[in-house]
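What Swiss-Prot says about this protein:
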BINDING   S113, L114, L115, P116  (6S)-5,6,7,8-tetrahydrofolate binding site
Amino acid sequence: MSESLRIIFAGTPDFAARHLDALLSSGHNVVGVFTQPDRPAGRGKKLMPSPVKVLAEEKGLPVFQPVSLRPQENQQLVADLQADVMVVVAYGLILPKAVLEMPRLGCINVHGSLLPRWRGAAPIQRSLWAGDAETGVTIMQMDVGLDTGDMLYKLSSPITAEDTSGTLYDKLAELGPQGLITTLKQLADGTAKPEVQDETLVTYAEKLSKEEARIDWSLSAAQLERCIRAFNPWPMSWLEIEGQPVKVWKASVIDTVTKSAPGTILEASKQGIQVATGDGILNLLSLQPAGKKAMSAQDLLNSRREWFVPGNRLA
């Protein structure tokens, strides 16, 4: 086996916890875990630990939860662990240059795209939103830029017509640990081959917002269908009817030319609610009114047919 490395792990959500779990089974020595401070969650706004903290405490690992790594005393926490490498997965804090240079082999990051495409905060969602044929994970050496470091290892996965951000998240949460363990072996053996990112191929994955997820009927049906999958499970595509938000869980594209204005309801039946768009027809299949569970178009029509009268326009 390769040399056992002393590793600091830094991460916060479930996606990161799956990588920590793989590390703990890999024969390497996780000497400390950094994660975001506990946050209020749920209706009672009770302070809740991150999935990474829960796993780390189960395994008896030292856990550190600084609000920032800029203060000298917090940087000293990293230095005192004398790590060979720091593994960063969806941590959520900026690592100052001093921290990046502390481990012997530096800091590496698992990023949810095939860099240099989709640097930034929402790579999984943006790959769907843009209609990419594939996505994947990139293990990269971290530097002070935003996802600009040299690439150490990549694994790809096709994007299917049924994928949502939720299903892609799960696929990449399986791929990421595989790539991470392989990269650590190469770093330990001295066989890693860093590859500089091609700046001419860079795209940026901007954060999602609830406002962006509001359905814009002037877009094409194909674009809107991709948005619905990209924004599932958050923030969820939505439209407004009688002042109420209605989430859209699933839709399909009907590739038919229509002269009706975008947003016009063309047909409402058990096969779906057909709406004119800027190009083509979007067939709404599964919706969720405020305060209700998601339901089929048929079930919603049974209770709210007046919302979907053909000829009316959706805002």
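Cβ coordinates are placed from backbone N, Cα and C, and glycine is handled just like the others.
A map of Swiss-Prot features onto the structure.
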| residue | record | Cβ contacts under 8 Å, 6 or more apart |
| --- | --- | --- |
| S113 | (6S)-5,6,7,8-tetrahydrofolate binding site | R119, P123, I124, R126, S127, T135, G136, V137, T138, A205 |
| L114 | (6S)-5,6,7,8-tetrahydrofolate binding site | E134, T135, G136, T138, K154, S156 |
| L115 | (6S)-5,6,7,8-tetrahydrofolate binding site | T138, M140, D147, M151, K154, Q197 |
| P116 | (6S)-5,6,7,8-tetrahydrofolate binding site | D147, Q197, D198, E199, L201, V202, T203 |
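Surrounding the centroid of the Cβ atoms of S113, L114, L115, P116, where the record places (6S)-5,6,7,8-tetrahydrofolate, the chain contributes additional residues within 8 Å, namely H111, R117, W118, R119, P123, G136, T138, D147, M151, K154, Q197.
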